[in-house]
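J.: Have a look at the structure that comes next, please.
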Amino acid sequence: MVHINLTRLAHDCELHMSEQEVDQIERRHARLDKSTDSILLMTPIFSIISFAFSLTLLAAILYALLGRKIPSRKYSIIVSRTVADIFSSVLIAAASLFANSYSASYMVLALFLYICTFGVIQLTSSHIAVIILRHISVTRPYGFQSICSIRRLSLVAGFTWCLSIMYSAAYAPMTTVIVDPSKEDRVCPFHSCQRPLIITAISIIVISVFTVLSSYGIVVAKMAQIAHSEKMHNEPEMTRKRMHKFFKFGGHLALYTLIVSLIFVGSLFILHNAEDYHQINRMIAINCDVYDYLNIKLRLETIAGGAVLLWCVRIIFDVIITFLSEIRLIPWIRLDNLQSLDSNRVVSVRHGLGWQKGCVNCPVFNIENRLHPLDFKN
């Protein structure tokens, strides 16, 4: 319907345009159609691949949890994140498969809004939850199981979903306007509704990235401090091993920072072009500014489509990083030094009395610390 109205408008304005202007409009229209066809082709492919990767990861995690090969507490949060990625992949695939050349622009803008709201909040809260788990496991190793019980972690995972859904629901009026622009004045005017919502989304993205990176840096610094203390007191350097493993989680955060930063830049361009689009769309029937209208629509569609594809790429590489950082998730790989976790088995650690170079305040008596296997894994 949008194309038909645009064609009629171009035909009505043809008397006021030169042949060169008409030719430019036709070429710009052809380029917009080409961009739409590319989005309708690439989006389902990337979303289906990301769905397959996420489903494979979820199956591998559940299989490893049943075999007690990985800590259930940490991976309960990762399972929640993986389910969210599966949901996003299904939504993107369904929206792109049911869209056509007339609704593709509105479809991709709605998906971009979904990623900036539900997607960013869900991923950010999941990363922060994992970082907090690591901090508790290092600072409170003996109380970790009681503090981070499965019930509490389930509540945390549920809270991340509720927070993401409630935040994205606040943008329902804007989504309605994207799907049906004729309801703009009644549902969500641009200056009093759409523009503040876009600015809020951009601000939340900045706060999210800053919170995740600062939290990760604080926990790494704390782990380095505890590791140094263990070394100086001639204690087993458990924290250093955990810190090295925590560095692998930094791969997820690096990917998160890259993708969300690009989405942030795209949001700024969306905000700028949305203002121009609003002004031109109001006056297009009078000014016959069809060329600029097509230009802005092409930019909006390209930016939003690129963000959707980047989100699918993020899902795919998150799965790859998870498999590379946790080899136990691969079912057919058996390592001789890996044993199934037994909740009833504990490990005794004894500090020797031998003098070591660089040791300060070495223990005088034999001390036996009873450690649970999950203290080594979490």
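Positions of Cβ are set from backbone N, Cα and C atoms, glycine also.
Reproduced below are the annotations present in TrEMBL:
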TRANSMEM  39-66  transmembrane segment
DOMAIN    52-248  domain 'G-protein coupled receptors family 1 profile'
TRANSMEM  78-99  transmembrane segment
TRANSMEM  111-133  transmembrane segment
TRANSMEM  153-178  transmembrane segment
TRANSMEM  198-221  transmembrane segment
TRANSMEM  249-271  transmembrane segment
TRANSMEM  303-324  transmembrane segment
J.: Can you tell me which parts of the same chain pack against the transmembrane segment (303-324), counting only residues 6+ beyond its ends and a CB-CB cutoff under 8 A?
T.: 35, 38-39, 42-43, 46-47, 49-50, 53-54, 56-57, 60, 78, 81, 85, 88-89, 92, 108-109, 111-112, 115-116, 119, 248, 251-252, 255-256, 259, 262-263, 266, 269-270, 273, 330
J.: May I ask for the residues of the chain that lie six or more residues beyond the transmembrane segment (153-178) and have a Cβ under 8 Å from a Cβ within it?
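T.: Distal contacts: 73, 76-77, 79-80, 84, 106, 109-110, 113-114, 117-118, 121-122, 125-126, 129, 133, 184, 187-188, 193-194, 197-198, 201, 204.
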